[in-house]
């Protein structure tokens, strides 16, 4: 492997060293920073394209602003790797997303240079405004800078924050990182000149003087002058939308040209006016040809060869659950023209890119707008369509009020395909699908399913298509299936009914979802000790199979309920039923194994499951504490009636 020399970057311990560098050295620093980012991510995998697109911007921000005293907030955090390298974390950059290593996102507990944690989209302006107001209340003078991408600007939260900031006239700097040129491209030297001019003190001072003088003029003259300035600046800069929200707009400027960036950032740093938006245009994957040529493939990457760009992907033993979902939904849609699909800016992540290729008129990408996605689906359901709202579990949280108010309360048959349920590995706690079971099983009238394998997922999709009695959800994990044979066509499952997959006498395991394989492993281990175990596949978290659970409780000495979800989910439903029916009064030993009441950091999925006690070893240990081999015969003899 070729090692790129980085003599200037080697002198940078933290951002204070970046500020001490002369401006003529910053281009070299950016080049070396880009090379180091590529080298590090080739080893660890992670988000590459976004970080390469903000290298010059990152250098410029840390050179101009006094971080960490000045608060620099990165929206989402996909682009934060260069920032981490410049802020004292270069020595650990090759531990990104590894167990015990650096987070793939900004994180308050990791560095004082990360004033606000991120991973979900469109939060930076709200957080920045809160910090700006706190500064003003405290009589401080620090700058607050929020860097947000144009994609994140599709979320309503960003505009809610901008509307609030404009109304408060708080001194806040928003950097709009436009890396899709979806708003407006820069127009070369004239664009840079205008941006520098209108962000400068002279123009701003004259503007303030003009406002004061206009205050003494008749209202129609004052309003006319304001509209004339707005028109002139909007004509040249395209920032009328942001001006209407109360922001002073500067740009667009070339985000890869330090000669353009530095003077503008200095001007806005020194401005004492209200909120300012600087529109910076960048290119995803800048400086790395494979990423420039295919931005979507290099947004998130596994380990790759730096020279060729080839990503090292392990051969799959089975299709991913996401692909099974997509292919099955396509089959169902061929039979039912009322089936439609909705995604919130995650078509490839949810598999709906495949559905969209087959049914472009029945596929809807609503942008980063989960609240809207859910209620949009509710509207479709109200008109007799069968909408599948495909969301990651972690992003379902963003639309929860709509799930309750617009779907559940009205009993509308929206189908929720909940991907990335449970632990997700390298993306860590911010993306873990821990809470969907607790969120949904508490809602009256909701049906919630979880497949043990890809065959069951196929059946659950068919079940959801045919379920018009109310809202229904099915959750499935990240990654590959277990390799079972998939049916050619899904069959509708009886609602609220599980199945017994192994018969025993002493201890019963009731598994929801893909922990079933681990429970079967544990049952086999216990068998070698003379302990007979029943293993049941719950299939439904709501409604629970009351008949099956009562049978397990009455015919076994111990019952272990297993789910890859937080406290308050399926296990809580089972315990409530056992309590209501008095099924624990005769001495039944019950344990509900869930994710622990904490946040599990990024690591391999296997390590995360072990930490949670939900791998086969953890389940086995808990089971042995309930039924020892010597107790087996006595337990069978005292079965409860």
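The backbone N, Cα and C atoms fix where each Cβ goes, and this holds for glycine too.
The feature thiamine diphosphate binding site is assigned by Swiss-Prot to 78, 119, 120, 121, 151, 152, 179, 288, 370. In the three-state DSSP classification, residue 370 (thiamine diphosphate binding site) falls within a helix.
Taken from Swiss-Prot, the feature Mg(2+) binding site covers 150, 179. With a 10 A radius on its CB, residue 179 (thiamine diphosphate binding site) counts 23 other CB atoms from all the protein chains. In this structure, residue 179 (thiamine diphosphate binding site) belongs to neither helix nor strand by DSSP; it is coil.
For residue 78 (thiamine diphosphate binding site), the same-chain residues lying six or more positions away in sequence with a CB closer than 8 A to its CB are 47, 50, 51, 105, 299, 300.
Counting neighbouring Cβ atoms within 10 Å of each of the binding-site residues (150, 370), the lowest count belongs to 150. A 10 Å radius around the C-alpha of residue 150 (Mg(2+) binding site) takes in these binding-site residues out of 120, 179, 370, in sequence order: 179.
Within the same chain, residues at least six positions away from residue 151 (thiamine diphosphate binding site) with a Cβ under 8 Å of its Cβ are 121, 180, 345, 368. In the three-state DSSP scheme, residue 150 (Mg(2+) binding site) is classed as coil. Proximity of residue 120 (thiamine diphosphate binding site) to non-local residues of its own chain (separation of 6 or more, Cβ distance below 8 Å) is seen for 76, 394, 395, 398, 430, given in sequence order.
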